[in-house]
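Contents: one structure, followed by commentary.
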Amino acid sequence: CHHVTGDCSCPPGWTGHDCKHPCSSGRWGRGCANSCACDGGDGGCDPVTGTCSCQPGFTGQHCQ
């Protein structure tokens with residue numbers, strides 16, 4: 001936590017005052033600041049690494 005404000009510095013993939021909430025769908029990384037760059041279905045990705053979660057029938061780095 002920040003020594004003056006008390007705000008938590010959450011690890012990548014987590015957010016919220018107490019860092020107990022995963023990034024919302026379509027977001028990833030420290031502070032959930034990055035957008036998923038995934039095609040083929042829901043465009044979802046791992047909240048920590050940004051690795052795309054491909055829907056059935058789609059493959060590739062971006063589920064293209």
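Using the three backbone atoms N, Cα and C, a Cβ is placed for every residue, glycine included.
Listed in TrEMBL as the disulfide partner of C10, from the options C1, C19, is C19. Looking at C63 (disulfide bond) and C10 (disulfide bond), their Cα atoms lie 28 Å from each other. Counting only the Cα atoms, the space from C54 (disulfide bond) to C19 (disulfide bond) is about 27 angstrom.
Cβ contacts within 10 Å of C10 (disulfide bond), excluding its own Cβ and spanning all protein chains shown: 18. The domain 'Laminin EGF-like' (36-64): residue composition by secondary structure is 0 helix, 2 strand, 27 coil, according to DSSP. Summarised by DSSP class, the composition of the domain 'EGF-like' (1-20) is 0 helix, 2 strand, 18 coil.
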